[in-house]
Amino acid sequence: KFAMVAPDVQIDDGKGTILISSEEGETEANNHRKLSDFGIRNGTRLQADDFLQDYTLLINVLHSEDLEKDVEFEVVGDTPERIGPKPSEPTAKSISNGSDDGAQPSTSTGNQQ
């Protein structure tokens, strides 16, 4: 749902409890566990980082009894398709001197030692 390639997911509680690791086999034992096994309940926040795409999400877990039949979860909010610049926005301007602050190369003719 989030178009992540190699995510690391942890509970955003300051303890650093890792639920999913991009390192193969590191969190494999968690695959069959329920979120409630980790103390995740209504209002819990998760942080998902995808280092390969330089992309981080904060996920708010909200409990609902109103989902359609056979629907386990629903993503509400901005999804990856809506993140980033819109196609109609201009692309970044070319920068010739490594800075976009308008500075020009020095034309000083003073003596250099």
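Note: Cβ is positioned from N, Cα and C throughout, glycine not excepted.
Record features, source TrEMBL:
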- 1-68: domain 'Ubiquitin/SUMO-activating enzyme ubiquitin-like' (DOMAIN)
- 74-113: region 'Disordered' (REGION)
- 78-109: domain 'SUMO-activating enzyme subunit 2 C-terminal' (DOMAIN)
- 91-113: compositional bias 'Polar residues' (COMPBIAS)
Reported in the order helix, strand, coil, what are the DSSP residue counts of the domain 'Ubiquitin/SUMO-activating enzyme ubiquitin-like' (1-68)? 10 helix, 20 strand, 38 coil
Taking every residue in the domain 'Ubiquitin/SUMO-activating enzyme ubiquitin-like' (1-68), the average pLDDT works out to 91
